[in-house]
Amino acid sequence: DSFAIANFSGSLFFFLLQLKWFQCFQSKAYICLLLYFLVLSFPMYQAWRYKAPFQEASVEQTWQFSLLVAGVGVAGAAGAGLQTVFFSLSGQVGSTYTGAFMNGQAVAGLLTSSCRILSKIWFDDLPPFDALRTSSSIYFISSLVVVLLCTFSFFSLLRMPMVRQSRARSQTLAEPTQDEEERGSLIEQGAPPPLPHPEDAAVLKVFAKIHPSAIGVLFVFWLTISLFPGITTKIPYAGDDERNWMPILLIAMYNVGDLAGRVAGGYLCDGLSESLVLSFSLLRVSLIPLFLFLERSPLALAPFHNESSFLAVALLAVSNGFAATIFLIKGQGRVSSGPQRDTASTLLALSMTLGLTLGAVSAVPLSIL
């Protein structure tokens with residue numbers, strides 16, 4: 001819970017900053033990528049340095065844990081910066097690419113689950129601390145490789161003709177235009193012409209246009225993170241599970257379902273209204289008592305408890321990916337290209353992160369229930 005709250009709080013703080021300063025996006029990408037590399041290097045150093053677990057509570061243990069939580073917060077902020085850059089870029093190019101952006105997020109989760117399953121298979125016979133240390137080192141090394149590949153792909157993407165044209169059009173629209181006759185009359189009257197003002201990108205004006213989508217995506221992610229991964233990983237297995245595979249497989253089921261939902265949302269977006277998707281999202285509230293029931297009363301649904309658990313997680317995941325993708329695509333489509341699209345992308349990403357943060361906070365009392 002500490003890591004989740006730190007990560008989402010860092011993201012939320014960075015998004016709030018971007019509402020005021022959304023400029024120089026390549027420079028921001030450089031800074032965020034540097035922070036990502038630094039944060040990923042810290043756990044690798046910790047895994048190399050500590051070859052045995054702490055035997056008792058100490059000042060050093062508290063200090064190292066605090067540093068790790070702070071690092072997660074910095075990673076969340078850096079991730080927020082990169083996410084807005086990519087999300088805004090995809091929105092400028094077209095809604096199809098917003099769907100691809102969402103699918104890429106889901107694929108990242110699927111890769112993480114795959115790494116966890118493989119490390120469980122390969123290192124399960126080792127002592128617990130050695131298995132954790134080895135799998136963590138491999139995970140963070142592979143993460144650095146993935147980030148390097150994504151960095152190369154990002155700067156290659158910026159050089160594509162289609163992206164160059166979209167960015168050039170966006171910058172052209174960002175330049176304030178004014179009727180020449182009006183400017184001439186003002187000059188003749190002795191009044192100075194008004195200063196350029198990116199009025200179209202005003203935050204409140206853009207939010208008034210996209211608020212249904214922003215509220216929808218906030219609600220979707222709030223409910224999802226309230227249940228996943230906290231309560232989801234506590235659902236017990238009805239039977240013999242000495243190697244504790246149940247939480248790992250439930251997380252894998254979620255990532256598969258989330259990807260399927262995002263792909264379906266990208267294809268079906270045009271045929272569905274936001275009001276219909278919002279009504280569908282409200283029905284997801286019924287998943288809260290279902291998950292609490294599965295966690296607290298595993299024998300009540302015997303002999304179908306395990307199947308019911310996987311089905312519930314699949315419903316949560318598919319509905320999350322499906323609704324979130326539609327809200328984000330339709331939200332970007334409510335404004336014109338240019339500065340409005342950049343502001344809309346930041347606001348939608350902010351709403352998503354606010355939902356994630358609220359979900360991480362509300363997961364704490366739900367876990368106690």
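Glycine residues also receive a Cβ, built from the backbone N, Cα and C atoms like all the rest.
Heads up, TrEMBL stuff is auto-annotated, nobody curated it.
Database features, via TrEMBL:
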- 29-48: transmembrane segment (TRANSMEM)
- 68-89: transmembrane segment (TRANSMEM)
- 138-158: transmembrane segment (TRANSMEM)
- 169-195: region 'Disordered' (REGION)
- 214-232: transmembrane segment (TRANSMEM)
- 244-264: transmembrane segment (TRANSMEM)
- 276-294: transmembrane segment (TRANSMEM)
- 309-329: transmembrane segment (TRANSMEM)
- 349-368: transmembrane segment (TRANSMEM)
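Within the chain carrying the transmembrane segment (309-329), a Cβ under 8 angstroms from the stretch's Cβ atoms is held by residues 87, 95, 98-99, 102, 106, 213-214, 216-217, 220-221, 224, 227-228, 232, 235, 246, 249-250, 253-266, 268-269, 272, 274, 277, 280-281, 284, 287, 290-291, 294, 348, 352, all 6 or more beyond its ends. Across 68-89, 214-232, 244-264, stretch 214-232 shows the highest tally of CB pairs under 8 A with the transmembrane segment (276-294). When Cβ-Cβ distances under 8 Å to the transmembrane segment (349-368) are tallied for each of 68-89, 214-232, 244-264, the top count falls to 214-232. Under 8 Å from some Cβ of the transmembrane segment (214-232) lie the Cβ atoms of residues 1, 4, 207, 247, 250-251, 254, 274, 277-278, 281-282, 284-285, 287-288, 291-292, 295, 313, 316-317, 319-320, 323-324, 327-328, 331, 347-348, 351-352, 354-356, 358-360, 362-363, 366-367, all in the same chain and six or more residues away from its ends.
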